[in-house]
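Feature annotations, reproduced from TrEMBL:
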type: BINDING; residues: Asp151, His191, Asp199, Lys392, His397, Thr439, Asn481, Ala482, Arg516; note: substrate binding site
type: ACT_SITE; residues: Glu284; note: active site, proton donor
type: ACT_SITE; residues: Glu480; note: active site, proton acceptor
Amino acid sequence: MAQFASPQVSHKLRLPRPPGACCKATTMASLSSSGKTAIASLKLSQGLWGSPELNLCPLRLLGSDPSRSFAVVRDSAEGTVVGENVDHNKVEDSSPEKFEERDFTGTPYVPVYVMLPLGVINMNSELVEPEALRNQLQVLKSVGVDGVMVDCWWGIVEAHSPQGYNWSGYKKLFQIVRDLNLKLQVVMSFHECGGNVGDDVHIPLPHWVTEIGQKNPDIYFTNKEGKRNTECLTWGIDKERVLRGRTAVEVYFDYMRSFRVEFDEFFEEGIISEIEVGLGPCGELRYPSYPEQHGWKYPGIGEFQCYDRYLMKNLTQAAEARGHSFWARVPDNAGSYNSQPHETGFFRDGGDYDSYYGRFFLNWYSRVLIDHGDRVLALANLAFEGTRIATKVSGIHWWYKTASHPAELTAGFYNSCNRDGYAPISAMLKKHEAALNFTCVEMRTLDQHEGFPEALADPEGLVWQVLNAAWDANIPVASENALTCFDREGYNKILENAKPWNDPDGRHLSAFTYLRLSPVLIEKHNLTEFERFVKRMHGEAAPDV
């Protein structure tokens, strides 16, 4: 793959990062290249945990038996992570390097939640292995975890007929959580689970919706080749009565209102602390611009996803309103899913992305995304009045060090080098007093440079920009990790972002959600390290282990 030889680094203004944000440390990639890290695939049992073919990224468990190594994994329902293959036969034992840790004793209390397995509720809306789950939750409670996050899947609850809701499995789950005196973050998951590498659970959109899609495939996002993406519904039908007499936002509102009525006691008792509203693929506010099922591979720039007839009609109206009807088109020189920016006329340095037409199109494309969030969150506030709502924004860190930021642009974040694409999103969230939940807070830029230098990625720079955009808008900022992390180095990186060093305004994360509950997390060494992390997030003294 050709490399982008002369990147133009973004000169967007950002607050200076706290000490340690870019400190040099032993990284996953550098350990791998020296032959000191190994991968072992985790084969989880059927049932609650499934049996995924896991997407792997190498990481040595610090302090563990050197003969045992685990893989850092990420559920592809949460997005995409890339790993490296490591020859297990070349593993050499080495002691973890010592480094000075920051003392978080007395720092602000940041609640810690843990995501439940994707398939904790099956397609019949039944709780899977309730006693095993109860035991796991008791363990989490014993190490100080504040609560759990669970997806309430639209494709399970309203599976067979419009407004025919079945919440039975979730009722049993919530009762167990309440019995253990834990809190709940609940995700209104209006997207499909499955279809990507590593997914062991497949939860499609409701059957009655997919039946409509067979006759009218334009209810789905569509790429330039006409391929439909069934992960979620296009925002073009937010106000179109194509779902058996209802618009998409009416369907979402009816679902949320049903949940609020069904679980009233859990709201009144304060068990449900937050509702995260799914606004796109993987529950994230973005276009499905990098779908693995359509052939995308990291670090491809992705493709614009607005070729369904409803969004094309919207684009035509916007171009005519601007007085340039010939602008009613999607860029034809933006490459394909796996292109690199310098290979395209649109995203290359000095490319059409910064032309009059390019700026018009990108403004329209990103505005459609923000308007979708605006509409759905307004109705979420009506349904969940008095309860904090949140939405998740994905961390698209690859190509961040180029001028155009193409992977962000195709996902709907107009964040090229001369524009802050996250300030308008934060302003929209502020309008609804909604929290922003951001990913990849444990990732290190150096790791990406070592493993994938051609990607010109900068997760640390992206995290710092997004967190500051949200804090500047005075909205709560929560986060979650993109990689399942078991080691101290990863936890320390999360802590750095959760509680920035010497912030003059004392800003910190409102909550952190760990991805994800598994048998590996419950193993003694991993649990001990996780408990220490939880104590430090809570601002408690946490001696070394």
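Just so you know, glycine gets a Cβ as well, placed from its N, Cα and C.
TrEMBL does not curate its annotations; it predicts them automatically.
Under 8 Å, Cβ to Cβ, and six or more positions away along its own chain, Asp151 (substrate binding site) finds Leu116, Leu118, Val187, Ser189, Cys193, Gly283.
Fewest Cβ neighbours within 10 Å among the binding-site residues His397, Arg516: that distinction goes to Arg516. Around the Cβ of Glu284 (active site, proton donor), the number of neighbouring Cβ atoms within 10 Å comes to 24. Taking CA atoms as the reference points, Glu480 (active site, proton acceptor) and Arg516 (substrate binding site) are 10 Å apart. Glu480 (active site, proton acceptor) has a Cβ environment of 23 other Cβ atoms inside 10 Å.
Sequence-distant contacts of Asn481 (substrate binding site), defined by Cβ-Cβ distance under 8 angstroms and a gap of at least six in the same chain, are Thr439, Cys440, Val441, Glu442, Gly490, Ile494, Tyr514, Leu515. On the backbone, the CA of Arg516 (substrate binding site) and the CA of Glu284 (active site, proton donor) stand 17 Å apart. On the backbone, the CA of the residue listed as 'active site, proton donor' and the CA of His397 (substrate binding site) stand 15 Å apart.
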